[in-house]
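The block underneath contains the structure these notes are about, expressed in structure tokens.
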Amino acid sequence: MAVYGVAAAVLASVESRQGSIRGLVYASGFQNVKQLYALVCETRRYSAVLDAVIANAGLLQAEKKLRPHLAKVLVYDLLLGGGFRGGRGRWKRLLHRHEARLKAELARLKVHRGVSRNEDLLEVGCRPGPAVQVPRFVRVNTLKTCSDDAIDYFKRQGFSYQGQASSLEDLRALKGKCFLLDLLLPELLVFPAQTDLHEHPLYQAGHLILQDKASCLPAMLLAPPPGSHVIDACAAPGNKTSHLAALLKNQGKIFAFDLDAKRLASMATLLARAGVSCCELAKEDFLAVSPSDQRYRQVQYILLDPSCSGSGMLTRQLEEPGAGAPSKERLHALAGFQQRALCHALTFPSLQRLVYSTCSLCQEENEDVVRDALQQSPGAFRLAPVLPSWPHRGLCTFPGAEHCLRASPETTLTGGFFIAVLERVEVPGSVSQAEASAPELVPSSAPKRKKRRRKAAAAPSTLPCT
């Protein structure tokens, strides 16, 4: 199976310090990025355990042509992962010859260390923390299907649907093949933490997007109505872009920018699989995009999720076991870029609503960036109060910061995240139809739907996707 060879190559490159796991995975060109990333991260996390088992079983001595990194990946999936998935190829036959000895050596290692679970074999810094307790969130791609149909499909597969969650406790209690509908997002399904859906036919067909709940909030809170023009300023890998397209119902235009050509190529594949047809991808630095360019004169919505330290990412625990907080120098550099990007976004003349988000826990990248940007545009924008029942708010470092949202495994059962929604205080006179869209700035769904229906009646032809 191709994934094992690619994973072995990535693992070897990581150990020789040729790049990060994430960067090397994207550079590999392998289509199923998430499957490859998870396999490499988990193999690396159990590296010391796998080395001991392979050495004690004499695998490399018996199979002279088997490279060490490939052996490690294969043995991880056989003993600790989801089971070997290599069909009837040469690796299947090779592992079958040594399977009994490998399993015996793993069992002997557990006895020697006095543990019963695989994860107890890990060093303390590599053991799973809150990430294990975070459920598997699955966004239904409404460009291709609907929540009811997805739920029916899972029920036919033997999953037990528990209805809509009423609290976080419902999500914590999930186990086995039970699943729920999220209490906040109507298109978000919730499964037990270790549910693996990478091989599921609905995921592979683009009907499902594996996306953390916190990562779904930026597009939901931006809430661009169908027909809108939207900028996704730092777009790759594309999950939020596909969510924006679903909210637009593929009607309107998304201008998506990113500087990394390989990440954009992977993003194009993701968007095509998701049925997105209203997005224009550009390999371009968002800071170099001119707000006065006529192509963006109708842009009223911007989603800005810039590069950040990733200190809130659950996968960071896998990629960098025991990693501490980012250095002050790195935070200073990142915050400088983030502030420039946010201030630049606020200069687009027709902008009405902007969502700034990061997967960082650091105040320097979050509240401080928002505060400084608002100070540089005095009186033009304000923080919009959103989701008043959300339990984790922004740090009270300046007046209004409580309108920002934070997320964490402990408080919201999601990855670590930060979100701020900025809205224009006064509608610019240069936008001829801005008054008509002003009600869209209020996060109230019922009035919004009425407004859209009246608008649709007055102008039956929608803006075509290109």
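Cβ atoms here come from the backbone N, Cα and C positions, even for glycine.
Over in TrEMBL, the protein carries these features:
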- 126-425: domain 'SAM-dependent MTase RsmB/NOP-type' (DOMAIN)
- Cys234, Ala235, Ala236, Pro237, Gly238, Asn239, Lys240, Asp258, Asp285, Asp305: S-adenosyl-L-methionine binding site (BINDING)
- Cys359: active site, nucleophile (ACT_SITE)
- 432-466: region 'Disordered' (REGION)
- 447-456: compositional bias 'Basic residues' (COMPBIAS)
- 457-466: compositional bias 'Low complexity' (COMPBIAS)
Inter-residue Cα distance where the pair is Cys359 (active site, nucleophile) and Asp285 (S-adenosyl-L-methionine binding site), in Å: 20
Extent of the S-adenosyl-L-methionine binding site in Å [max Cα distance among Cys234, Ala235, Ala236, Pro237, Gly238, Asn239, Lys240, Asp258, Asp285, Asp305]: 19
Rounded Cα-Cα span from Cys359 (active site, nucleophile) to Cys234 (S-adenosyl-L-methionine binding site), Å: 13
Around the Cβ of the residue listed as 'active site, nucleophile', the count of other Cβ atoms that are within 10 Å: 23
Surrounding CB atoms that lie within 10 Å of the CB of Cys234 (S-adenosyl-L-methionine binding site), all protein chains: 21
Cβ neighbour count within 10 Å of Gly238 (S-adenosyl-L-methionine binding site): 26
Tertiary neighbours of Lys240 (S-adenosyl-L-methionine binding site) (same chain, Cβ under 8 Å, six or more apart): Ser215, Pro218, Ala219, Asp232, Leu303, Asp305
Nearest-integer angstrom distance between the alpha carbons (Cα) of Ala236 (S-adenosyl-L-methionine binding site) and Cys359 (active site, nucleophile): 14
Cα distance (Å, whole number) from Gly238 (S-adenosyl-L-methionine binding site) to the residue listed as 'active site, nucleophile': 15
